[in-house]
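Participant: When I checked TrEMBL for this same protein, it listed these features:
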type	residues	note
TRANSMEM	B:30-50	transmembrane segment
TRANSMEM	B:106-128	transmembrane segment
TRANSMEM	B:135-153	transmembrane segment
TRANSMEM	B:173-196	transmembrane segment
TRANSMEM	B:227-244	transmembrane segment
TRANSMEM	B:256-275	transmembrane segment
TRANSMEM	B:282-300	transmembrane segment
TRANSMEM	B:306-326	transmembrane segment
Amino acid sequence: MKPFLANSREGFLALVVVVMFFAIGLIAQDFVSISNIVSIFNDTSILMILALGQMLVIVTRCIDLSVAANVAFTGMLVAMTNNMYPELPVALLIALALAVGALLGAINGVFVWLLKVPSIVITLGTMSVYRGMTFLISDGNWINSHQMSAAFIDLPRAVILGIPVLGWLAILFILAAFVLLRFTEWGRNFYSAGGNPTAAFYSGVNVGKVQFYAFLVSGTLSGLCGYLWVSRFAVAYVDVANGFELQVVAACVIGGVSIMGGLGSVFGVVMGALFIGVVNNALPVIGVSPFWQMAISGAVIIAAVIANSRSGKSKGRIILRDREASQAAVAVK
Amino acid sequence: MTTNTITKKNSVPDFLPVGKLNKFVRWESFLVIILFGVCVLNSFLSPYFLDPWNLSDATFNFTEKALIALPMALLIIAREIDISVAAIIALSSTVMGLVSELGAPLYAVVVTGIAVGGLCGLCNGLLVTKFAIPSIVVTIGTMSLFRGISYIILGDEVLKNYPDGFDFFGQGYVYWVVSFEFVTFIIFALVFYWLLHKSIFGRRTFAIGNNPDAAYYSGINVNRHKLILFVLVGLMSGVAAVLLTSRLGSTRPSIAMGWELSIITMVVLGGVSILGGSGTIGGVVLAVILMGMVTFGMGLVNIPGIVMTIIVGLMLMFVVSLPVLISMYKAKRQRQV
């Protein structure tokens, strides 16, 4: 058995992230410190949580482009609720965010599951619908920090054992995703549905339903991130997280999640998100204009997919196409 | 219709349900009816609708997008997609601004704009065909890359020194109310109609979209064909960039942000199957005009732009679900019989 780091793509990516981190440390000494590691992890938490949800969706051969709009809508909704009823406990607001996010995700999921509409088109549509709804409920107004209650703003930054709650949440979801995807039937089904829908169908997996679950999870996590985003930055407005869906997809793609479905690991996604986090944090430190950020993430996505397409060549061939599987599914019904 | 029955007899069993010719005719007539309804509704809502100058103004809002929707239809029919088109506009517009700043003559600015678009398309096409990467991921990447380069060049600056006469492309009129933009669109619509429906290139596009493997084994160079399609989309994005930059008279990196959504909506609304293999230019042109009229009508009654994006989004969702709902309904009825 070869050593772990040289063998797996995720290991290689982790190596790249670590080397990059220390290389930047050579230029800017302050960069390498425990507190900076914690702060980078904390800054990347929302991206990681969203990327974990997106991973499920991509693994089942779909894509969810509506996550950022979902974040904006639920964020605005909880911020407005908090503004109007400051006495409501934060736990209730978080429950509201989770429920609304889940609902928005379920809408995507229903279209994909029951109507068999390509997810890219549906989420492209819901992306603009959710963003537009954010405008409708807020009338284009901003909710600023003084309009939010102290408890609402303080929760994600409360520090436990040196790490803010936001970071702990990310750790919690990483562990949960790891356990669910590795050890439960529910989690394994995402891989079988995406890896070979035909085989999955004949083994009794309801592919459409699994895809629905993926969108449901992705939406629920987006709802939670809506609250986290708004309270972390202490402001809610229509354009919150505009274009963030691309970073989320980028984190997955860099982390080795195959857009063809069936492939992807929690560790890879975390590393992909951290890669983006380190780059974003390093640019101002090494004196590069933030305007470079977009081009760099674009170039990294392309480089990552090229690398993945090369290494994925040995994968088994899919002989039957998924369209036939879905026809067979209809025929059996 | 004899051609109709022949197509039916020879069609492969795994042909898409929306791919039948008779359904197309229905879809396009459906668009015509809705278009007619929207126009009637608009003229009731506002007395300013049926004014030739107002209608001419309305065409400016969709011609640039429509120019990209034409090659995009071909690309989607061939089972690929390009969501980097708006970013190509941004990069092409930025480079045009730069060469204008350096004092390039009018023709050089225009050629540069279109060439940059073509190069971006070539870049997408090479990545998709050489590395066999799905076009959606490639173009998500190049979308950030192209617009990102634009941001690196411009930052928060604006370029607005263009050679004399450059404003004609986006603001000039050929005859009375007929704008240069609209004439450009009509000409390209005819060109793409010929390309898709009358040429061998078009037949090959459909063949690839229906079954890439069969197309490959019938001797079609699938990769080269797709590469050409990506370059076409890039070139047309360059043309759109020339028109848009000329119309606005300035360039920012955020130009044409989010246009890919409306362009893909136009194509899908025009009856092109997102799964590939079927679609017509006529349908796309009708969809383009329909969307233009809906947007224009909403503008006349003062509905804000972001509400329009909700409606465009809902329209997209409705349109892609409709064929599925129809075939589900048909299947249900067949089972009952």
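Heads up, the Cβ atoms here are built off N, Cα and C, so glycines get one too.
Note: TrEMBL annotation is automatic and uncurated.
It should be emphasised that the depicted structure is a prediction, and the values quoted were computed from it without experimental measurement.
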Participant: Among B:106-128, B:135-153, B:173-196, B:282-300, point out the range having the most Cβ pairs under 8 angstroms from the transmembrane segment (B:227-244).
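Facilitator: Counting Cβ pairs under 8 Å, the winner is B:106-128.
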Participant: Is the transmembrane segment (B:135-153) in contact with the transmembrane segment (B:106-128), using at least 3 Cβ pairs under 8 Å (sequence separation of 6 or more) as the test?
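Facilitator: Stretch pair touches.
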Participant: Sequence-remote contacts (6 or more beyond its ends) of the transmembrane segment (B:256-275), Cβ cut-off under 8 Å?
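Facilitator: Non-local partners: 16, 18-19, 24, 27-28, 31, 62, 64-66, 68-69, 72-73, 76-77, 79, 81-86, 89-90, 93, 143, 241, 244, 283-288, 290-291, 309, 312-313, 315-316, 319-320, 323.
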Participant: Mind checking which residues reach the transmembrane segment (B:306-326)? Cβ under 8 Å, same chain, six or more beyond either end.
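Facilitator: Answer is 17-18, 23, 258, 261-262, 264-265, 268-269, 273-274, 291, 294-295, 298.
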